[in-house]
Amino acid sequence: MSSSEADVVVIGAGLSGLTAGYTIRKEKPSSKVLVLEATDRIGGPVQTVKIQGANGEDVWDVGAGRVGTKQNEIMGLIQEFGLETYKHFAEGKKFWILVDGTKKTYSGKIPPLPYTSLVDLLRYFNKVDGMSKKVNLKDAKATPKAEEWDNLTVDELKKKTLFTQVAKETIDVMTGMFFGLKCTDLSVMQYAYSIGTCGGWNAHIGGEGTGRMDLKVKGGVQQLVEKLSEHIGKDNVIRNAKVCSIEQQSGQAVVTTDSGNTYTAKCIIFACIPTDAVKFSPPLSIPRLLPSADYGVQFIVTYQKSFWREAGNCAEVLNMQAVIDFTLGRDDHPIVTLFDHTSANGSPALMGVFGARSAKDKSVEDRKQLVLNFLQEIFETDEAKNILDYKDFSWTSYEKVPPPETFKETKPSEVLTAMTRPEGVIHWAGTKTAMAWADSLNGAVEAGQRAAREVIATHLK
């Protein structure tokens, strides 16, 4: 057991926590900043891996990996460190699997749904877009209909607004895709707030021209993580330091890890999800926790050639069956989505996501066979099974959040407001606390920068 002192202790060495630490060191070079990471690797849901590709061993992002031209905070950081981006490939035919299993192909941004359902959905999109623009992002409690939206679920909003069954199913799917939750488990307040941080509905779903997910980083986003860590000082980023308690006393805080080490600081930046695993003393006045997604299992398959592009496909697949199964806890149709993930060096690859919660319990070989069968079914060619390499990555243990039913008494507007408000000397970061593109890499950077500015202004004058 050991004791250390610092000006600032950052909890969580994901992109948000590292951005916070970097920003403080950049603005206040003499300050001592320590970053504590519970696991043996830094980056959180950011990870760049090496896989065998058409051009030999190459690198791909898994977890969070795409950025957007209009996401100012992360694009600024990418430019600051001299990194380059390349365009995500999205040209050609797309596939949409309906709830009844029918496979449709389409091009452009209008999905292959019945005309009446499209009109129904457009009304809904416009309504939600308007609601999102009424949210007070700096003080969610001050949103005009905060109390009403706290007590209204997306399922209730959907039923009040939509008439056609296909449109209702589509909202179930979109909610599952973007929030990882059933419509019955998501409040309209949290829904509208998250959409509002993106600037509205179209940007939230990554619509054409919105600049949400149109770019990838050459060499991988992990480079950002490593550069931030280097600037903080690698000896100041401490791995395998799982925090179990934070005690505020006499205008400072004492952080204790499960190994018994203590860290005393003027202030704390908490840059991960504050679950019950951490004991706060005194207890938090308002919990900084709302229902959120399970990160699931992602997979990458590499090929010698991009047969899908040669056939005029962009390889984008949305499987409505699988999303509905995921929200209902079934696993009949395990693969939710697929897209082109060709590397910056031109090595052809596809990436997808398992929706079924049972996927994590299967062997790698079993998951591989599910993927190959799915790809052959989608593309209708044996070339889909002629892969160079297969890798998958489970994020199901990353930042576990209690099940949605534990939040029934929570007032989301109060929690959303508290997420950006200090509690004593504890400040909050993490992409879920962002006011610009929450739940994205940009949100992580923006929240880290905000928390750092708060700390500098309050504790490091």
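Note: Cβ is positioned from N, Cα and C throughout, glycine not excepted.
TrEMBL entries are annotated by machine, without manual review.
Marked as FAD binding site by TrEMBL: Ser16, Glu37, Ala38, Gly63, Ala64, Gly65, Arg66, Val243. Under the heading substrate binding site, TrEMBL lists Arg66. Feature annotation from TrEMBL assigns domain 'Amine oxidase' to 15-456.
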I'd like the number of other C-beta atoms within 10 A of the C-beta of Gly65 (FAD binding site), please.
22
Which number gives the other C-beta atoms within 10 angstroms of the C-beta of Val243 (FAD binding site), all protein chains shown included?
24
Close in space, distant in sequence - Ser16 (FAD binding site), Cβ under 8 Å, 6 or more apart:
Gly44, Ala271, Ala429, Gly430, Thr431, Gly443, Ala444, Val445, Ala447, Gly448, Ala451
Of Ala38, Ala64 (the binding-site residues), the residue whose Cβ has the fewest other Cβ atoms within 10 Å:
Ala38
Among Glu37, Gly63, Arg66, the most crowded of the binding-site residues [Cβ within 10 Å]:
Glu37
